[in-house]
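Undergrad: So TrEMBL lists the following for this protein:
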ACT_SITE  A:C131  active site, acyl-thioester intermediate
ACT_SITE  A:H244  active site, proton acceptor
BINDING   A:T14, A:G15, A:A16, A:V17, A:R42, A:S43, A:S161, A:G162, A:P184, A:N317  NADP(+) binding site
BINDING   A:Q158, A:R237  substrate binding site
DOMAIN    A:7-122  domain 'Semialdehyde dehydrogenase NAD-binding'
Protein chains: 2
Amino acid sequence: MGRGEWVVAVAGATGAVGREMLKTLEQREFPAKTVKALASSRSAGTTVPYAGGELTVEEMTEKSFEGVDIALFSAGGSTSKKFAPFAVKSGCVVIDNSSAWRMDPEVPLVVPEVNPDDVDWHKGIIANPNCSTIQMVVALKPLHNAAKIKRVIVSTYQAVSGTGQKAITELETQVRQLFNMKDPEAKVYPYQIAFNCLPQIDVFSDGDYTFEEIKMIKETNKIMGDDSIRVTATTVRVPVFYGHSEAVNIETEKKLTAKDARAILSQAPGITVYDNPSEKIYPMPIHAAGEDDVFVGRIREDNTVDNGLHLWIVADNIRKGAALNAVQIAELIIARDKVRVPA
Amino acid sequence: MGRGEWVVAVAGATGAVGREMLKTLEQREFPAKTVKALASSRSAGTTVPYAGGELTVEEMTEKSFEGVDIALFSAGGSTSKKFAPFAVKSGCVVIDNSSAWRMDPEVPLVVPEVNPDDVDWHKGIIANPNCSTIQMVVALKPLHNAAKIKRVIVSTYQAVSGTGQKAITELETQVRQLFNMKDPEAKVYPYQIAFNCLPQIDVFSDGDYTFEEIKMIKETNKIMGDDSIRVTATTVRVPVFYGHSEAVNIETEKKLTAKDARAILSQAPGITVYDNPSEKIYPMPIHAAGEDDVFVGRIREDNTVDNGLHLWIVADNIRKGAALNAVQIAELIIARDKVRVPA
């Protein structure tokens with residue numbers, strides 16, 4: 001079926017991210033010899049679209065990864081915890097989209113535009129960062145290289161697709177219920193998401209930060225390879241289907257004007273600067289949806305500190321925030337000849 | 001018709017805020033002898049609900065304010081600019097909800113919980129602040145009194161009702177169009193607001209900040225009576241009907257723990273602290289809508305600076321953000337015997 005040499009498995013192939021992974025492999029002409037679609041027993045036997053045809057979903061078992069070179073996991077943290085070690089034992093490299101391994105010091109956490117070299121020390125598992133983190137670090141890294149970022153304050157506006165297909169359905173259902181004068185039912189989220197903002201993503205933890213906020217803080221430091229960057233976050237779910245937005249305020253060691261920042265970001269990989277206020281040009285979720293790039297706009301100097309800047313960063317959370325980044329990591333390990341687990 | 005001694009006019013009575021002003025006068029048993037509903041010639045002759053009955057809308061003219069004691073204006077900046085001086089000449093005190101007079105040094109800008117004394121020096125016009133500013137300063141003032149705020153970074157999540165009735169209709173219409181596989185029409189906003197985030201409120205100005213952002217900065221300094229507070233803002237429209245949310249990061253001179261901040265805000269006027277993460281208690285637009293108070297939650301220490309705090313502030317932008325604050329100012333000038341224009 002394929003044009004390449006690699007046997008690829010997508011674990012969690014029936015979910016929103018799994019389907020996007022298959023689409024991305026196809027669109028980027030990934031050099032796959034075979035692609036296997038894996039999921040829980042519940043989905044086994046169903047089909048998922050791939051390359052103009054369909055793949056029959058197989059139940060994921062301890063033996064599913066025999067003969068597989070690269071497995072893209074997007075099946076939730078507990079499934080990753082359970083099955084990734086079997087995959088690694090089978091000689092397969094796992095690129096995992098859950099939060100299960102991200103902060104493990106033995107596991108590289110990679111955004112190809114930011115820290116490609118980190119794939120070199122993988123021990124079988126490479127973690128794909130949180131969606132909100134990925135789009136932020138793609139924009140921050142070139143600015144950090146130029147002027148050293150000291151502090152980051154981010155407020156997010158996150159789409160329901162980040163929670164999965166069931167949350168997409170929930171938003172749509174709640175809107176229909178409200179427009180038909182019915183009480184909206186909240187099953188996926190603790191409260192109604194339609195026409196509302198939920199200032200809680202994931203569960204609460206230390207200091208009353210949510211895990212989503214803690215992920216953005218810790219993952220940013222790990223990916224940027226610099227614990228001296230002070231990051232803080234407020235993460236909020238908004239009634240948007242696709243595309244996460246972020247209002248990001250940064251403070252740098254060296255002065256960067258807005259013009260400097262625009263010039264730097266315009267040259268940087270994976271970024272489209274979309275910033276012309278006089279023409280009402282700025283990034284929005286409806287434009288970023290379906291796109292690969294991270295869009296940056298509303299670039300402004302913040303004069304309340306010496307070297308402050310505002311950025312408005314939008315990306316498709318399912319593509320660059322998940323599926324695309326994972327496939328890019330797979331491409332990277334092929335290019336760097338790292339599709340093998342060290343002995 | 002009334003139980004009191006004052007003749008009150010609502011200018012712009014047919015708009016979203018004007019209607020809420022009438023409702024608020026009624027609910028708070030404002031001591032009005034007569035209430036006049038004024039609007040443009042287009043609406044003259046129509047009726048608006050008040051106190052279980054209806055008021056017939058009169059066309060606003062230069063003579064409409066003769067015999068009126070207090071006029072609540074919510075008819076847009078240019079109407080205020082044109083008619084408020086006639087009202088003042090007629091001996092009427094104008095409480096104006098537009099941005100026309102807010103930064104005029106001759107005009108007090110008042111939030112009764114924050115700077116009640118400023119009504120004392122009015123010269124006929126008192127300005128009602130921007131909706132986003134009002135709810136923020138209500139929460140910031142008690143913390144400023146306790147620990148002196150040095151810097152404020154706010155990202156907003158603003159409801160369409162802030163734009164008026166036509167924007168409420170536009171969001172609803174766009175959702176119906178999208179659910180019927182039609183292209184959504186954007187008339188009020190430059191782009192689709194349904195299932196989107198628009199990082200532009202009002203027009204762009206200096207430094208590529210929008211006027212909404214500049215309002216939040218300048219009005220906060222004026223109301224707090226302290227230009228040393230450094231404020232910066234990113235204002236964003238979200239697909240919510242009622243209730244503005246704000247992610248606010250502050251830095252104070254003296255240390256405040258999250259517990260300190262909760263205790264201070266719990267005692268403060270006009271605030272409900274709604275902050276118990278373990279029980280998923282935090283403010284949201286769907287709960288704040290229709291309420292008078294400003295709701296504060298997600299109170300957390302931000303350890304990326306010495307004395308940092310996060311707050312999540314939600315209020316009904318049409319009530320506390322507009323109508324209620326204006327009526328509270330009217331109550332204040334009555335209580336302080338300031339219902340007269342100095343000679």
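The backbone N, Cα and C atoms fix where each Cβ goes, and this holds for glycine too.
Heads up, TrEMBL stuff is auto-annotated, nobody curated it.
The shown structure was predicted, so the numbers you read here are calculated from the model rather than taken from an experiment.
Just tell me what is around each of these and how deep it sits.
TA: Summarising the environment of A:C131 (active site, acyl-thioester intermediate), the number of other Cβ atoms within 10 Å of its Cβ, over all protein chains shown, is 28.
In the three-state DSSP classification, A:H244 (active site, proton acceptor) falls within a strand. Every protein chain shown contributes to the tally, and the Cβ of A:H244 (active site, proton acceptor) ends up with 30 other Cβ atoms within 10 Å.
DSSP gives A:S161 (NADP(+) binding site) a helix state. Listed in sequence order, the residues of the same chain lying 6 or more apart from A:S161 (NADP(+) binding site) and placing their CB within less than 8 Å of its CB are A:A16, A:A167, A:I168, A:F241, A:Y242, A:N317, A:I318.
According to DSSP, A:R237 (substrate binding site) is assigned to a strand segment.
Taken as a whole, the domain 'Semialdehyde dehydrogenase NAD-binding' (A:7-122) shows an average pLDDT of 96 in this prediction.
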Undergrad: What does the structure give for the C-alpha distance between A:Q158 (substrate binding site) and A:P184 (NADP(+) binding site)? Integer Å is fine.
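TA: Each residue's Cα considered, A:Q158 (substrate binding site) and A:P184 (NADP(+) binding site) end up 20 Å apart.
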Undergrad: Would you kindly give the Cα-Cα distance separating A:C131 (active site, acyl-thioester intermediate) and A:H244 (active site, proton acceptor), rounded to the nearest Å?
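TA: One finds 8 Å between the Cα atoms of these residues.
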Undergrad: Quick check on the binding-site residues: of A:T14, A:Q158, whose CB has the lowest count of neighbouring CB atoms inside 10 Å?
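TA: Checked A:T14, A:Q158; of these binding-site residues, fewest Cβ neighbours within 10 Å: A:T14.
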Undergrad: Counting distance between Cα atoms, which of the recorded positions A:T14, A:R42, A:C131, A:P184 is nearest A:R237 (substrate binding site)?
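TA: Minimum Cα distance from A:R237 (substrate binding site) across A:T14, A:R42, A:C131, A:P184 lands on A:C131.
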Undergrad: Whole-number Å distance between the CA of A:T14 (NADP(+) binding site) and the CA of A:C131 (active site, acyl-thioester intermediate)?
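TA: Per the Cα atoms, A:T14 (NADP(+) binding site) and A:C131 (active site, acyl-thioester intermediate) stand 19 Å apart.
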Undergrad: Could you tell me which of these binding-site residues, A:R42, A:R237, has the fewest other Cβ atoms within 10 Å of its Cβ?
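TA: Comparing Cβ neighbour counts within 10 Å for the binding-site residues A:R42, A:R237 gives A:R42.
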